[in-house]
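**Q** Let me give you the structure first, and then I'll get to my questions.
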Ligand SMILES: NC(=O)C1=CN([C@@H]2O[C@H](COP(=O)(O)OP(=O)(O)OC[C@H]3O[C@@H](n4cnc5c(N)ncnc54)[C@H](OP(=O)(O)O)[C@@H]3O)[C@@H](O)[C@H]2O)C=CC1
Ligand SMILES: Nc1nc(=O)c2c([nH]1)NC[C@@H]1CN(c3ccc(C(=O)N[C@@H](CCC(=O)O)C(=O)O)cc3)C=[N+]21
């Protein structure tokens, strides 16, 4: 069997076009422009790439993009003060603080200082709790993008066995919550899981969010399963820099029914969902109906 490729890049372009349509309507009918503020502390080169591509796509869909680049030695007080100002600014509907932060900053405190209504990453403890109890929240972008692709591919997910490898707060746990919300039977695997291969082979839906290049191999995939590869790993192969996922694409694609590639899978959907969340936040802030199909 050779897997169908789930084209995240094309799907993300569709989501952005939809967002752009709503943004144009907000402007025309209400004189509103959604605004997204991205805060980057320090000069991590990978983070700079993400931030600039986020900024570019934000502008392309007609939103206002505000970037705050702070030096790596920024104090917590200065960062919290900036977040306070962004919370109070009515032109800003979404705030994203790029993670990881330098070690001297308390990430939990920083994230929980963001107004939950503007927390377009969905990392604030209030949003985590709302998601966990099935209430309306801001949903983390990466798992939301994965869910959109899964729903698009399968229609209904109810009753499917889903295995999420990875239990981070930003990907694994919220991914599991969303799959549970769609009535999958969910297993969360991690570094202490016994016989990971056997657990994975039970999955109709296998989501890999581990951060280990090409760790999930074809022998761990159930024939016909849908494989979502969240991993973004920069490696060097034959002297060249290469981007690979957490899934060994070639061997997994030989067994799976469908698979997301890296690049061009989950990554572009993450940014598209960030824009979707910013639009949703803007609509909620102004008591306007939220566009359908762009939240969980
Ligand atoms: N495409 C996108 O938009 C995004 C991609 N990413 C990528 O996704 C990947 C995961 O990110 P993130 O969740 O932040 O990573 P974390 O490092 O926070 O979490 C990794 C998880 O994988 C588990 N794990 C590690 N080694 C193994 C192993 N050998 N077997 C089973 N489980 C293991 C860890 O288990 P334990 O808890 O026991 O330590 C942990 O729960 C990374 O490659 C990252 O770059 C992240 C965000 C967005
Ligand atoms: N507060 C916060 N929110 C995040 O959502 C967040 C973060 N911090 N820190 C870093 C991770 C990582 N992340 C990615 C987003 C897009 C791509 C992406 O578009 N990737 C392209 C390839 C890009 C390339 O070539 O480098 C692709 O997969 O096709 C990747 C990774 C968001 N993150």
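The backbone N, Cα and C atoms fix where each Cβ goes, glycine too.
For reference, TrEMBL lists these features for the protein:
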| type | residues | note |
| --- | --- | --- |
| BINDING | 166, 167, 168, 232 | NADP(+) binding site |
| DOMAIN | 6-121 | domain 'Tetrahydrofolate dehydrogenase/cyclohydrolase catalytic' |
| DOMAIN | 140-284 | domain 'Tetrahydrofolate dehydrogenase/cyclohydrolase NAD(P)-binding' |
**Q** For NADP(+), with binders 166, 167, 168, 232, what's the maximum Cα separation in whole Å?
**A** 16
**Q** Can you tell me the three-state DSSP label for residue 166 (NADP(+) binding site)?
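**A** Note: residue 166 (NADP(+) binding site) is coil by DSSP, not helix or strand.
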**Q** Identify which of the binding-site residues 166, 168, 232 has its Cβ surrounded by the largest number of other Cβ atoms within 10 Å, counting every protein chain shown.
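**A** That would be 166, with the most Cβ atoms nearby.
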**Q** What average pLDDT does the predicted model assign to the domain 'Tetrahydrofolate dehydrogenase/cyclohydrolase catalytic' (6-121)?
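**A** Mean pLDDT for the domain 'Tetrahydrofolate dehydrogenase/cyclohydrolase catalytic' (6-121): 96.
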**Q** Three states by DSSP: which one describes residue 232 (NADP(+) binding site)?
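**A** Going by the DSSP assignment, residue 232 (NADP(+) binding site) belongs to neither helix nor strand, so it counts as coil.
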